[in-house]
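Undergrad: The domain 'C2H2-type' annotation in TrEMBL covers 4-31, 32-59, 60-87, 88-106.
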Amino acid sequence: ERRYWCAACWKLFLQSSHLARHRAGHTGERPFECPDCGRLFGRALHLAAHRRLHTGERPFKCPQCEKAFAQKAGLVLHVRLHTRERPYGCGRCGKSFRSSGHLTLH
């Protein structure tokens, strides 16, 4: 079984393609460009998710209220409104938040 190591951080990969994708994160390489706005992405998957913002496609639907989102992360945050899940807690005051971004703002 071959193993591939990242020379920058020594992370181990079992496939050379996974190492190549990971290495692009160290170099800042962003070869995927949005034809609509010119924004650059490091992965084709991230470009595809971004393009839905331009097309208006919203494939991620809330099972409780049918609200739809272009990106899965938006749905995950929304569902926490229904479940009242607040997984990000402040270490100082104990207040909790739906997202790490909300905790950071706090």
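Note that Cβ sites are derived from N, Cα and C of the backbone, with glycine treated the same way.
Note that TrEMBL annotation is computational and uncurated.
These numbers come from a predicted model, not from an experiment.
Give me the lay of the land around each of these features.
TA: Long-range Cβ contacts of the domain 'C2H2-type' (4-31) within its own chain (Cβ-Cβ under 8 Å, at least 6 residues beyond either end) map to 40-43.
Looking just at the domain 'C2H2-type' (32-59), the mean pLDDT is 96.
Broken down with DSSP, the domain 'C2H2-type' (60-87) shows 12 helix, 4 strand, 12 coil.
With a threshold of 8 Å between CB atoms, the same-chain residues lying at least 6 positions outside the domain 'C2H2-type' (88-106) that come near it are 77, 80-81.
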Undergrad: I need to check the long-range neighbours of the domain 'C2H2-type' (60-87): which residues 6 or more away from its ends have a CB within less than 8 Å of a CB in the stretch?
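TA: For the domain 'C2H2-type' (60-87), the sequence-distant neighbours (Cβ-Cβ under 8 Å, at least 6 residues beyond its ends) are 49, 52-53, 96-99.
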